[in-house]
Amino acid sequence: MPNVVVVGAQWGDEGKGKIVDLLTQYADVVVRFQGGNNAGHTLVVGGEKTVLHLIPSGILHPGKSCVIGNGVVIDPEVLVLEIDRLKAKGALKDDGQLVVSLDAHVIMPWHKAIDVAREQAMGEGKIGTTGRGIGPTYEDKVARRGLRIRDLLDEARLARKVKERAALAREELARLGAKLELDEPALVKRYAELGRRVAGYATDVSIWLHRALQQGKSLLFEGAQGTMLDVDHGTYPFVTSSNTVAGNAVVGCGLGPTAVDYVLGISKAYSTRVGGGPYPTELKDETGERLRKIGGEYGATTGRPRRTGWLDALALRYAVRVNGLSGIAMTKLDVLTGFDTVKIAVGYRLDGKVLDEMPSDPEVIERCTPVYEELPGWTEKLEHLRTWDDLPPRARAYVKRVEELAGVKVVGCSVGADRGETILVENPFLAR
């Protein structure tokens, strides 16, 4: 069986969790490789909703292993809370199901304080951070002063590092006009306890995954956020603090690029974005509100209403290119039911010219207006449909047009919130 990477092809919130949950039955191991608990996966199985922020979606499948790689930043309070909630639901019966990298960096209280203080200091220039300390934790990682999961397992080492790093954090917060109220001995005690709680799951993930591959096991890499939020390839600076594209899948868990056989991009049938930054197809009218209401477009992590708009083919084609997408899974196709017409942005108008590729400068993107192609809508409900041929002709025509514009095949469509409400045209794990 091949190894498959699943990444967001838009601005995040594309429904990756549902698709990963669906594909997990074909994989042996699900791997999370970047981001932190700023991402939220909402899964609906048998009508029961589960929201996960750190642990991979595949944990709801008995017998599957889930790995949190070195590229993820971990809030140990959140990790332990998710473990406890899953156990209370009857999931994670076998502790061997969850594997956590010893080298994953740890979100500390000062990271959250710095995150919030900086955002407040930016005023109208706010990026729209979740305030969960993700960015400052990645900064400390790059500056070679971060704490890792392995540091929580040695209380003396933890105490030394907390003392050093807390002093630096207080200095930075003072410059921002904020204070860090911290009882260092109590903090060390608490995080050492958290370390003991996760110690049984922590290991060298690179070795663990390499052995899994040697045993012939198949891997499913689960991305967080989306392509347009990638720190290098997104609409910088309105991005997240990690690489969200497929190339980071192996870097974030300690494998080489030859471990990947197929890259699946997830895209909504329309588009959404959370936080600031350019968004050419944004709808600030009744249509945008209608998409938000029908699609339930509120953040799984923050509860913030998402910005909504029509599908942007230029952004999608960009995602195909920078990820090397093998195929696309389209989610929330059912949300478009009932619209008289549906639109796709096929170009940008800028200074009297029409562009057919997304500019690399976000300030230029901000000045662009979309050139739309309109297609007839459909009125039929889609939730009960399970095959491609069952879809209404106009819905099929819409999907095929997206396929033509993106340049890769749409291999699946989500027609409802539940795991089973999905049409899989081509299974990435069976593709050759």
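Heads up, the Cβ atoms here are built off N, Cα and C, so glycines get one too.
Look at Swiss-Prot and you will find 12-18, 40-42, ARG306, 332-334, 414-416 tagged as GTP binding site. THR42 (GTP binding site) falls within a strand when secondary structure is assigned with DSSP.
Look at Swiss-Prot and you will find ASP13, GLY40 tagged as Mg(2+) binding site, backed by sequence analysis. Counting only residues at least six positions away in the same chain, the Cβ atoms of GLY226, LYS268, THR272, VAL274, GLU297, GLY299, ALA300, ARG306 sit under 8 Å from the Cβ of ASP13 (Mg(2+) binding site). Look at ASP13 (Mg(2+) binding site): DSSP puts it in coil.
Under the heading IMP binding site, Swiss-Prot lists ASP13, GLU14, GLY15, LYS16, ASN38, ALA39, GLY40, HIS41, THR130, ARG144, GLN225, THR240, ARG304, citing sequence analysis as support. A C-beta separation below 8 Å, combined with a sequence spacing of at least six in one chain, links ARG304 (IMP binding site) to VAL274, TYR298.
Under the heading active site, proton acceptor, Swiss-Prot lists ASP13.
The feature active site, proton donor is assigned by Swiss-Prot to HIS41. Cβ neighbours within 10 Å of HIS41 (active site, proton donor), excluding its own Cβ and spanning all shown chains: 24.
Under DSSP, GLY303 (substrate binding site) is assigned to coil, being neither helix nor strand in the three-state scheme. Long-range Cβ contacts of GLY303 (substrate binding site) within its own chain (separation 6+, distance under 8 Å) are none. Among the features that Swiss-Prot reports, substrate binding site is placed at ALA300, THR301, THR302, GLY303, ARG304, PRO305, ARG306, with the record citing sequence analysis.
For VAL415 (GTP binding site), the Cβ neighbour count at a 10 Å cut-off comes to 26, with all displayed protein chains included. Distances between the Cα of ASN38 (IMP binding site) and those of the binding-site residues GLY12, LYS18, VAL415 are shortest for GLY12. In this entry, ASP13, GLU14, GLY15, LYS16, ASN38, ALA39, GLY40, HIS41, THR130, ARG144, GLN225, THR240, ARG304 make up the residues listed for IMP, with the farthest two CA atoms of the set 34 Å from each other. According to DSSP, LYS18 (GTP binding site) sits within a helical segment. Counting every protein chain shown, the number of other Cβ atoms lying within 10 Å of the Cβ of GLN225 (IMP binding site) is 29.
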